[in-house]
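Asks: Got a structure for you, questions after.
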């Protein structure tokens, strides 16, 4: 799409279309100037009929209304002209509605009742017709320049020329062999053409003949001896060609055959599962079952042995322990089938990248989302974009879309600088195959390039490129410094045009194609991937749905411009660390055997800039390396919001393709009455399933491949409405953009040929308008799902409910890396946002506890989703349980009665199996004990602070309507390595863990002092309480270290132990005072002077 390098801004609702950075003549161009008349209802262009005249809806006043609005008004509205209120009459070519009078004119039965053209029911044809009507406006009397014909123009001959045919029992010499073998439905051969159209294949001399399913196939030439001989001969030729390829290779064009089989290596699977070795997984499963049994015995003992003198404490502790057991079960059993995966990139290249031919790899649209450039530095966003543009993938199949949801001119200008620097950076990366391809992190690598023998050319160019990058950083930082002070009149662009996004909450949609249009190439003259800036329209009074709404806008605008079949979304701070990441994902998505059922490929999140000790468990290794591997063995990992490659069709809300099972073999040894019962039950099941399909209209939500399915799916609908149903459903599902609807039916992607730049730009502005999603399924069944600030979990959950499966890919070199908030306050706020999203899902209709039964979601996968939304509820029992040790130490009571031998065995066994389970998980997951311990510590810290606040905020939002805005976490810092780790920011989230820490330390001091005062008999019961309290203090230790801040000389642990030991020894000194008389011999001062 060529925009001449200009920013395109506009509003579909306000009929605005602005070209910025243009000359004075072309600066402001309205939609009316792009064509003829415009519709006064929707603002679209009014189509030109075959006679070259504009469409006229009302013959009384000629009020300008386009055909879609006219048909919609007749079908859904009051059926009258908005201006003169005259009832609309039926125009030839439009369907009849209730209330139309009988007509005496020429017959128009094909369009009036849809008798002949049954192919209109095919959504492919309907969308193609809508697309043709939209894109061919303003082309005078050439309505078919784009090459797309309306459904009325397609008859049996035109369709038959595109699909294999059955002839009169013998092969026709005028038809190639690949045109035989498919049944043409009877309804395809009926009807007249409204507009004559030449047959595309003039060599076809015989019309197609429909096959009667009651007749034997031999009548038509199939199943006969001659047919079998032809099949055997074809197989023999294929084997001979394969042998030549394997042993001699291909010389020239000798074997230019589209049916030529691939070499053995290219025909093998592109990936494989690597199950966890049985020596690791079998003991792990055995320990889980043993732990479950011991847990049951433990709870049984706790319930039957109350503590009479501390009944309330006992009851509360038992309730908390039962909840902990339930949450452990929900978290544990989804890890029952952990697997790993391995990809074969060489096989992918053999299959889809043949030498001397264009690459057959699928196109990928990459989405980068950003909001506030002050919290998400433009330099980090620029590095992410540069890593995308230099990815190891065909450049014509990569398009990068940057969503600026804050409409910041700083982001726009930074992206302009990035596109200019990319012309130098991309060829450098591909010439020397460097990793990573984000310049900030590439040049930050502590590698001595002069130690080994390195090509002098590389050293010279690397030094020059580093100087270029330093100058680029200076320009970006200069833009940031300039943006600190906003002018009173707002920002203006270089040509004097006011920046359209000066009002962040009220601005038109904006699109700028930086790279990918004609004439922009790198410094070596090579083509560059597309780079497109998008800022969706925002107006007061509209709910824009934050990040989820921005992602949905990117889905629509990318479908108009590039329409790749696969999408990758990354946060602005997650750069591509492995340039072959897209190829890794394509090994799953493009696998001919299992790829069709995969909705997305999720990569683990890895982070830079985290301190060596990972104080606040930012790496989250336990989740990414243990939990996600377990989910991959069931139905796939959950979507975590970034680093994920999607199948576009899955985002559109389609069901996963269903694999047909082969018919079961019958057994003659069973009694006759048993067979009858089985047959009847099977028939009943089939009938029930067919009724459900008709009831739910699933034929619209599925990918439509066979015309027979469409014919069956709309049975029972009268002819008058059947032609309207698909179009109505598509508009309600995807919105009223014919171009976008047409793109949704292109499973392999691609943009329709013959579309003009003006029409595509207008549609792109249309689909990012603020009111486009109204009365559609966007955010409900299509795209990113609304209703939670953690839209990622909800979106993945809906896909799994549609029967799709996902894949977890862990390359040897991490695919993506990002930055994490290492400051304690920022980390707690990040966890707060995640937990708040889970609470919102728990309180919504999409809660996995009651949503999605009877669909494609597996039971263990449902367990994992339930665990992901109920974990904030654990904050209340966890807070109470962490308070109990201090209460027990202060009151002298305990939650457990005197421990018997049986109870001692239970407690010891429970601790042992918990430890063994964790050790085995770390073993098969490849997680270190340090990462596991940090995860346990932050589970307690986050549980008693962020999760607790999220629970109350979620309840307030759902029950009282009090909305809470989450804080965008900081994405980077420039004040030195780990500088943010020691920054102390006060927040109310710090109060609960600080209180727990203080009361437990006080409880320890009071308990020890009490034991010292009461003698040695009280030390025995004290040990249980002290162990309980120390468990809480040790888990909260990273929190205490964060409060202490940076200690240059004295480590925090010394300070803590000094205070604790000083208190204990002070109490001991007070107890054992040598200067106080204890009875016995009284010592007196000697009166003798010994000197």
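Our numbering is plain: 1 for the first residue shown, then up by one each step along the chain.
Placement of Cβ uses the backbone N, Cα and C atoms for every residue, glycine included.
Reproduced below are the annotations present in TrEMBL:
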ACT_SITE  405  active site
ACT_SITE  792  active site
BINDING   547, 571  Mn(2+) binding site
DOMAIN    39-85  domain 'RING-type'
TRANSMEM  284-304  transmembrane segment
TRANSMEM  311-330  transmembrane segment
TRANSMEM  869-890  transmembrane segment
TRANSMEM  902-920  transmembrane segment
TRANSMEM  940-962  transmembrane segment
TRANSMEM  983-1008  transmembrane segment
TRANSMEM  1020-1040  transmembrane segment
TRANSMEM  1052-1070  transmembrane segment
Asks: May I ask which of the recorded positions 405, 547, 571 is closest to residue 792 (active site) if we compare their C-alpha atoms?
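Replies: Out of the listed candidates, the nearest Cα belongs to 547.
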Asks: Going along the chain, which residues at least six beyond the ends of the transmembrane segment (902-920) come within the CB cut-off of under 8 Å?
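Replies: Tertiary neighbours of the transmembrane segment (902-920) are 280, 283-284, 287-288, 290-291, 294-295, 297-298, 301, 305, 896, 932.
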Asks: Could you name the stretch, out of 284-304, 311-330, 869-890, 983-1008, 1020-1040, with the greatest number of CB pairs under 8 A to the transmembrane segment (940-962)?
Replies: 869-890
Asks: Give the one range among 284-304, 869-890, 983-1008, 1020-1040 whose Cβ atoms make the most pairs under 8 Å with those of the transmembrane segment (311-330).
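Replies: It is 869-890, which has the most Cβ pairs under 8 Å.
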Asks: Same chain, outside the transmembrane segment (1020-1040) by at least 6, Cβ under 8 Å from its Cβ: which residues?
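Replies: Non-local partners: 615-616, 824, 882, 884-886, 888-889, 894, 896, 934, 936-938, 940-941, 990, 993-994, 996-997, 1000-1001, 1003-1004, 1007-1008, 1010-1011, 1052, 1056.
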Asks: Could you give the number of helix, strand and coil residues in the domain 'RING-type' (39-85) as assigned by DSSP?
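Replies: Helix, strand and coil residues of the domain 'RING-type' (39-85) number 10 helix, 4 strand, 33 coil.
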Asks: To see if you understand the setup: which same-chain residues, six or more apart in sequence, place their Cβ under 8 Å from that of residue 405 (active site)?
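Replies: Long-range Cβ contacts: 369, 370, 371, 535, 536, 544, 546, 547, 550.
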Asks: Below 8 angstroms Cβ to Cβ, which residues of this chain, lying six or more residues outside the transmembrane segment (983-1008), approach it?
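Replies: Result: 823-826, 828-829, 832, 879, 882-883, 885-890, 941, 944-946, 948-949, 1022, 1025-1026, 1029-1030, 1032-1033, 1036, 1039-1040, 1042-1043, 1045, 1060, 1063-1064, 1067.
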Asks: Just to confirm: which same-chain residues, 6+ apart in sequence, have a Cβ under 8 Å from the Cβ of residue 571 (Mn(2+) binding site)?
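Replies: Long-range Cβ contacts: 368, 369, 384, 641, 642, 818.
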Asks: What mean pLDDT score does the domain 'RING-type' (39-85) have in the model?
Replies: 80
Asks: Among the recorded positions 547, 792, point out the residue whose Cβ has the most other Cβ atoms within 10 Å, with all shown protein chains included in the count.
Replies: 792
